[in-house]
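I have placed the structure first, in the form of structure tokens, so that the comments after it can refer back to it.
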Amino acid sequence: MSLLLKASNGHLFLSSSIASMATCSSFCAQLPIHFRPIPIASSFPTNQPFKPFSAQASISPANDGGSPNTIGFLGLGIMGSPMAQNLIKSGCDVTVWNRTKSKCDPLISLGAKYKPSPEEVTAACDVTFAMLADPECAVEVACGKHGAASGMGPGKGYVDVSTVDGGTSKLICGHIKASGASFLEAPVSGSKKPAEDGQLIFLTAGDKSLYETVAPFLDIMGKSRFYLGEVGNGAAMKLIVNMIMGSMMATFSEGLLLSEKVGLDPNVLVEVVSEGAISAPMYSLKGPSMVKSLYPTAFPLKHQQKDMRLALGLAESVSQPTPIAAAANELYKVAKSHGLSDSDFSAVIEALKGKVQS
Ligand SMILES: NC(=O)C1=CN([C@@H]2O[C@H](COP(=O)(O)OP(=O)(O)OC[C@H]3O[C@@H](n4cnc5c(N)ncnc54)[C@H](OP(=O)(O)O)[C@@H]3O)[C@@H](O)[C@H]2O)C=CC1
Ligand SMILES: O=CC(=O)O
């Protein structure tokens, strides 16, 4: 893939070596703000002369070459805020919207533009990302009154990075494509910290050309990306990953409580687990706070339960037994019923404690 880099004097230069490095997010994180990767979009003038880069030139991210290069971002929660922030810090021209407007303010301070509806964001931008809580609000924001689809049209792209089921993703895709625009589903694996660090894993499916166009932006926000074919495949992959994660967290919780009941130090259990074949970063990261009954929210428990529910629906649709995930889902439901929806999903351990069960 090739990228165009641009100096403030309007000079464009093509760098395939920088382009190949730019596919690595660790490189992008080091990209000086004045070097902005510009994906070569189909609308970019192909006869644009490439002028040599001048090291003396003062460089600005402004794009005055007539090529659209504006990014919209809808949904500025735990994930959306740092993702949008990374785009802004990399020099992208970002316009934001969030249902609760105050969450836009820190991004506006960093240089983002603001529009008061999803429709106005997509009307103003070439590509719009959406990071929304659940299927219901992803549909509302994309297809509702003054929703994203109303501002879309030919040449534009919509990238839904929310975790939803395949049916929802196809519904949104249908509305977006009816406007003549392109659609990509791109749910992410990785939580608050990976979002802050630009280390997410994108699980994409849909229009391949849009995937290629937005790849440099995915590489700013993430460390790897998978293209999985038809819309629904990205959603399915994400739900399966989170089904495994939810079951792992539930059984880890049982282990912590059992170790304590038989007189072992659960902190030592965390250490032992981290040394062996079942080691996972999640256990070392969350175990020590779980032992202290602390659940600082990175991934809200209500979202993990939503993902278990959607994964079980996916399994049912193909008659695949998933008894472990079904049992784990019940635990998340109990935790929700005890007011833990907005705590981190590691609070599922509370559902196994006598005081919560009674
Ligand atoms: N947190 C994590 O670790 C990860 C989360 N995910 C997935 O990413 C998505 C977002 O997660 P996260 O950022 O944690 O969630 P948050 O709950 O922090 O943010 C949810 C976002 O959705 C918006 N929203 C909710 N309901 C509506 C509605 N009815 N209309 C319009 N907007 C609405 C919220 O707006 P408002 O601010 O107004 O409430 C907010 O912008 C979810 O699908 C989640 O499963 C994926 C990977 C990791
Ligand atoms: O969806 C949550 C995650 O950590 O990934």
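Cβ coordinates are placed from backbone N, Cα and C, and glycine is handled just like the others.
Curation does not apply to TrEMBL; its annotations are automatic.
The domain '6-phosphogluconate dehydrogenase NADP-binding' annotation in TrEMBL covers 70-229.
The DSSP breakdown of the domain '3-hydroxyisobutyrate dehydrogenase-like NAD-binding' (232-351) into helical (H, G, I), extended (E, B) and coil residues amounts to 89 helix, 2 strand, 29 coil. The domain '3-hydroxyisobutyrate dehydrogenase-like NAD-binding' feature in TrEMBL is assigned to 232-351.
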Segment-level pLDDT (mean, integer) for the domain '6-phosphogluconate dehydrogenase NADP-binding' (70-229): 98
